[in-house]
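A.B. asks: Below is one structure. I have some questions about it.
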Amino acid sequence: MIFNKKFAPLLIPVISVLLGLLVGGIIMLISGYNPIAGYQALWLGAFGDAFTIGETIRRTTPLILTGLAIAFAFRSGLFNIGAEGQVIVGWLASVWVGIGIEAPMIIHLPLAILAGMLAGALWGLVPGLLKATLGVHEVIVTIMMNYIALYVSNEIIRSVLTDHATKTEQIASSASLSAEWLQSLTMYSRVHYGILIAIFAAAIMWFLIERTTIGYELKSVGYNQFASRYAGMNVKKNIILSMVISGGFAGVAGAMEGLGTYGNIHLMSGFTNLGFDGIAVALLGSNHALGVVIAAFLFGSLKEGAGQMPTSAGVPIELVDIIIALIIFFVASSYIIRLAILRFKKEGK
Amino acid sequence: MIDLLQSIVPTILFFSAPLILTALGGVFSERSGVVNIGLEGLMVIGAFVGIVFSLTYQSTFGALTPWIAIVVAAIIGGIFSIIHAVASVSFYANQVVSGVAINMLALGIGVYLTKQWYDKGQTDMVEGFFRTDIPVLSNIPVIGPIFFERVYATSYLAIILAFVAWFVLYKTTFGLRLRAVGEHPMAADTNGINVKKIRYIAVVLSGILGGLGGSVFALTIVSNFSQSTIVGQGFISLAAVIFGKWHPLGAMGAAIFFGFAQSLSIVGSSIPVIEDIPQVFLLIAPYVLTILALAGLIGRADAPKANGVPYIKGSR
């Protein structure tokens, strides 16, 4: 029954998550902590009360978007490690518009989000162009673009947006995503309207990929470039388009941080990790829109819940990073899990 | 002029040593056809082990401690990299994904254990390496004071290892096999070369060198371990591998150049022309140059043909 074809795609992610949590428990046990108390703290930290639920949703929001970004590129055979940088430039651009422009909310807010999206798209355009025209591998270019984004945006915050301050002023309320009724409902957590945008974006990705000619071509290029070219598709255009759309999603993720969670942008000493976590999300979500939403929620809960672990169970937060890394390994090595299932099935007969 | 060089050259060498070591690791791994985005994580493990070993055994081994620490860090780095080897060589995992996971896992484990063992997010400071004069060589007029006075011995270890790596890759049977496996694994297999074995060795070598690089970085530049000890040095090393066109000496040259760019943000204010350049340009220089190199504007950089492709026997 479990090996029914319909459930097969679900099997690998579920087994990977369970294995990840199991190994996490063993690590806690070996290092002298009580794994049950640890996971209890994790659960309470993510869903214990209205406040933590609000914070879990807030944390899930950008993860959905970066997950979509990476999943979208994956579907057309591209690996966008650059979501990290695209998040940063999207964050910067949206805050810039949020501070610099005065307009009624109905114009200001969409404009600020659009700015984030365009900045991310532009950051995706560079590797897309290089890949399409010169055949340069997008993985290396996007990694390099991450660092360029980090240092350039820090410089802009320091020298253009402020006078050597560590963070910018708050954005105008007309560009803010904050939802007062949601906040009051969740004991003033930082939850904001961004979650609706993220879910809407997931719907857009599903529609684009599954229901439009553009999506069909993108998938086709991902499966086989040569066959696609033979069928008369413009492979170069599709590669560029895919990276631009992917960057756009990641840019919106940055806008969520800028317009929703923080309302400003601060100097960053390192990466936000939203982009790298997005790789885990996309992978676990099998690059499907719905899968990405579920996976983002899972990782969002893990990351938020981790905050409770040091105080309640004495377990360092980093345990969750280890668990997430292990889950990635298990999903990535799905070949061996499939092999094991196959053996198991044969012996069962 | 000589005074200026005397202050700059040791600093450049000091900043580039960890990059050279890690980049050499990247060269081995990528030349055998295994992409190694995990260099960053291998450096993290190296830095962690190097610092913890020094803290624990400082009183036992005295002045020898940092030397033993980098050896131990190299060994643990090699062991840790087996995870990447198993995932990408035996389980046919996507090598980039596995590398990303290595980075997360290394940082997670390092900080987790730091918190468990020391009850805080960062370790205490260690003594690490000291600057020394290289005997005999530092007495050479002009060159001596510039290159061999008040330098870290680890800088020269890195440069020597780069030549060793070049010799291994280009002058030995093992090197020839390693390169063959990275270019055309099926042809290599047909000739009786054990593709998987060679790739395992190459990845473990990258772990050893990455661990060495990370520990040298920690014991010369930062002196403690925390979340933010290794921030991007592994990726700069990866850039050096590509900018150096996957050649050990090229990677060394690129690493020295990137070390120069990094050190400029520190010593730049004492050099007439460079003091006027805003720091951000120096910071992004390695990355921009790598992209330009890949785009073919600074000589074409071509990756080994089978780089990133798992070798599955019998598939075409």
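Just so you know, glycine gets a Cβ as well, placed from its N, Cα and C.
Worth saying up front: this structure is predicted, and the values here are computed from it rather than measured.
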A.B. asks: What range among A:61-79, A:137-155 does TrEMBL describe as transmembrane segment?
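C.D. replies: When A:61-79, A:137-155 are checked in TrEMBL, transmembrane segment belongs to A:61-79.
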A.B. asks: With Cβ distances under 8 Å as the criterion, find the stretch in A:7-30, A:191-209, A:239-262, A:274-299 that has the most pairs with the transmembrane segment (A:319-341).
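C.D. replies: When the Cβ pairs under 8 Å are tallied, A:7-30 comes out ahead.
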A.B. asks: Are there three or more C-beta pairs under 8 angstroms joining the transmembrane segment (A:191-209) and the transmembrane segment (A:7-30), sequence spacing 6 or more?
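C.D. replies: Contact between the transmembrane segment (A:7-30) and the transmembrane segment (A:191-209): absent.
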A.B. asks: Short question: most Cβ pairs under 8 Å with the transmembrane segment (A:274-299), which of A:61-79, A:85-101, A:191-209?
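C.D. replies: Result: A:61-79.
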A.B. asks: If we skip the immediate neighbours and take only residues 6+ beyond the ends of the transmembrane segment (A:85-101), which ones have a Cβ under 8 Å from one of its Cβ atoms?
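C.D. replies: That would be 62, 66, 69, 108, 111-113, 115-120, 122-124, 142, 145-150, 153, 156-157, 161, 168-169, 171-172, 175-176, 246-247, 250-255, 257-259, 263-265, 268, 271-272, 274-275.
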